[in-house]
Amino acid sequence: MPLYIHALACAFGLGSWVSINGLWVELPLIVNVLPEGWDLPSYLTVIIQFANLGPLLVTLAHKFCPGRLRENLAIYAVLSIGVVACILLAVFWNYTTVIFGQPRSTAFFILTFFLALVDCTSSVTFLPFMMQLPAKYITTYFIGEGLSGLVPGLVALAQGVGMSKCVNVTNVSDNVTDPGPSTFIVETQYLPPNFSTEIFFSFLAVMTTISLGAFLILNRLPRTFELSTENLVSDSDAVATVCRGLEDPMDPKTNCPEEVEQKQNEVLLPKPQHSSYQLAFIYVMVLWVNSATNGLLPSVQTFSCMPYGNMAYHLSAALSAVANPVACIIAMFFPKRSLVFLGILCLLGSTFGGYNMAMAAMSPCPLLQDTPLGDAIIVLSWVFFTGLLSYVKVMVGVILRDRSHSALVWCGAAVQTGSLLGSIIMFPLVNVYHLFKSGDICNTNCPL
């Protein structure tokens with residue numbers, strides 16, 4: 001029976017962020033089809049920030065109507081919406097409508113918003129439900145949550161990416177009386193991947209359905225909830241708790257057993273001491289890291305990677321998705337709380353991010369284009385950028401978690417502020433001022 005519940009807890013956690021993670025790793029195939037092209041990621045970063053309306057509403061409900069919001073019904077709703085949105089996305093993802101004379105991916109954007117709403121809201125509903133189960137199942141839940149980033153990345157690697165080829169196309173005039181000479185142009189054509197985008201989105205729907213099914217069974221299990229240390233998140237799960245991303249700036253789980261136990265023991269357990277300068281450094285680091293990883297760099301990943309080819313972009317997106325949960329696992333087994341060490345990692349990760357941004361600014365003719373070395377460097381740069389800053393995010397969150405509840409609340413606020421600022425800054429630079437230039441593999445002539 002316990003193994004059965006462990007499997008259910010893992011499957012339940014799998015549905016937390018599988019949809020949005022799946023969208024990001026599928027972008028290398030989508031940007032070649034949808035009219036927004038290379039600008040598409042900048043739209044997604046803004047849409048995801050708007051989707052934080054979900055956890056905000058849940059937080060306000062807990063604040064002003066304590067005890068009125070039934071979390072099991074909220075979970076039913078968000079997972080059901082996720083399943084329906086994934087199914088609709090598999091059918092309508094490439095449907096466009098004309099807005100102000102330009103084709104726009106309206107269906108894709110609307111469905112992406114609902115998927116982001118589901119995943120963001122899961123951050124403030126799934127864990128409170130899991131707190132009703134014994135603590136040993138919470139670790140398994142976090143494993144499933146980590147798999148929500150790992151599994152789509154691995155499936156995307158298995159899917160592959162449509163390789164591009166340059167094809168000569170003859171254009172013949174439609175004028176019958178005076179046809180004129182034929183013109184020859186070179187077009188970029190993309191070969192199909194191992195399986196289609198529709199199948200990939202259907203896979204996301206299946207994963208979300210599995211999560212919903214696991215929750216249905218977990219919610220019907222008989223359970224007794226006692227106010228004891230067995231039902232608390234253990235110290236070994238501290239990293240895993242923070243690894244969820246600290247999506248909500250205000251913790252809705254008031255009066256939970258963990259908080260009661262913490263208040264009972266706060267006199268016995270000494271809190272870590274940091275000077276005001278150290279705390280300022282920590283919060284600036286949180287602000288910067290989340291701005292870079294959730295807004296600034298994702299908005300220009302296409303411009304950074306696509307000039308090196310579809311394969312480079314595909315590997316960068318998929319391996320970066322894998323690097324995030326791997327960094328969380330490393331943080332669980334090798335936690336380092338030294339601010340000097342974390343500052344060095346932040347600087348190193350930011351250096352890789354700076355290289356990625358520089359290549360995006362140089363698009364469509366970045367350094368070492370059309371060379372195996374250039375392809376390898378850009379892929380590794382994105383992987384190290386994501387992995388290093390993910391480790392920093394987790395460990396900084398752990399430091400603030402051990403300090404106090406209010407410190408963790410301010411950490412969540414810094415996470416959201418940084419992510420929002422990064423998205424807002426990049427959107428006009430990409431879509432209004434067009435500082436980043438897209439290109440075509442077959443028709444872009446770069447100086448030697």
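In case you wondered, yes, glycine gets a Cβ from its N, Cα and C as well.
Here the structure is a predicted model, which means the values were calculated and not measured.
Counting only residues at least six positions away in the same chain, the Cβ atoms of VAL33, LEU34, SER105, PHE108, THR197 sit under 8 Å from the Cβ of ASN94 (N-linked glycosylation site). If you look up Swiss-Prot, you'll see ASN94 (among others) marked as N-linked glycosylation site.
For ASN168 (among others), the entry in Swiss-Prot reads N-linked glycosylation site, with the evidence type sequence analysis.
For ASN171 (among others), the entry in Swiss-Prot reads N-linked glycosylation site, with the evidence type sequence analysis.
Summarising the annotation, Swiss-Prot assigns N-linked glycosylation site to ASN175 (among others) and lists sequence analysis as the type of evidence.
Feature annotation from Swiss-Prot assigns N-linked glycosylation site to ASN194 (among others). Non-local contacts of ASN194 (N-linked glycosylation site) by the CB criterion (under 8 A, 6+ apart in sequence, same chain) comprise ALA158, GLN159, GLY160. A coil conformation is recorded for ASN194 (N-linked glycosylation site) in the three-state DSSP classification, outside any helix or strand.
Here Swiss-Prot flags 11-31 (among others) as transmembrane segment.
Annotation source Swiss-Prot lists transmembrane segment at 40-60 (among others), citing sequence analysis.
Positions annotated as transmembrane segment by Swiss-Prot: 73-93 (among others).
According to Swiss-Prot, the feature transmembrane segment maps to 107-127 (among others).
Long-range contacts of the transmembrane segment (138-158) within its own chain (CB-CB distance under 8 A, at least 6 residues past either end) are made by residues 6, 9-18, 21-22, 25-26, 126-127, 130-131, 194, 200, 203-204, 207, 233-234, 236-237, 240-241, 243-244, 314-315, 317-322, 324-326, 328-329. Residues or ranges marked as transmembrane segment by Swiss-Prot on the basis of sequence analysis: 138-158 (among others).
Only residues 6 or more beyond the boundaries of the transmembrane segment (198-218), in the same chain, are considered here, and those with a CB under 8 A from a CB of the stretch are 5, 7-9, 11-16, 18-19, 22, 26, 75-76, 79-80, 82-83, 86-87, 89-91, 93, 118, 129, 133, 148, 151-152, 155-156, 159. Annotated transmembrane segment per Swiss-Prot: 198-218 (among others), in sequence order.
Annotation comment: Swiss-Prot describes 280-300 (among others) as transmembrane segment, evidence class sequence analysis. When Cβ-Cβ distances below 8 Å are used as the criterion, the transmembrane segment (280-300) is approached by residues 24, 41-42, 44-45, 48-49, 274, 339, 342-343, 346, 349-350, 353, 356-357, 360, 385-386, 389-390, 392-393, 396-397, 399-400, 410-411, 414-427, 430, 436 of the same chain, each at least six residues removed from its ends.
Here Swiss-Prot flags 315-335 (among others) as transmembrane segment. Long-range contacts of the transmembrane segment (315-335) within its own chain (CB-CB distance under 8 A, at least 6 residues past either end) are made by residues 21, 24-25, 27-28, 146-147, 149-150, 152-154, 156-157, 236, 239-240, 243, 301, 304-305, 378-379, 382-388, 390-391, 394-395, 398.
The feature transmembrane segment is assigned by Swiss-Prot to 339-359 (among others). Proximity of distant same-chain residues to the transmembrane segment (339-359), defined by a Cβ-Cβ separation under 8 Å and at least 6 residues beyond the stretch ends, is recorded for 278, 281-282, 285, 288-289, 292, 296-297, 300-301, 303-305, 307, 366-367, 377-378, 381-382, 384-385, 387-389, 391-392, 395-396.
Taken from Swiss-Prot, the feature transmembrane segment covers 376-396 (among others), and the record attributes it to sequence analysis. Cβ atoms under 8 Å from those of the transmembrane segment (376-396) belong to residues 239, 242-243, 245, 282, 285-286, 289-290, 292-293, 297, 301, 304-305, 308, 312, 315-316, 319-320, 323-324, 326-328, 330-331, 335-337, 342, 345-346, 348-350, 352-353, 355-356, 359, 366, 368, 411 of the same chain, restricted to positions at least 6 beyond its ends.
Summarising the annotation, Swiss-Prot assigns transmembrane segment to 407-427 (among others) and lists sequence analysis as the type of evidence.
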Worksheet entry | CB contact flag for the transmembrane segment (11-31) and the transmembrane segment (407-427), at least three pairs under 8 A | no
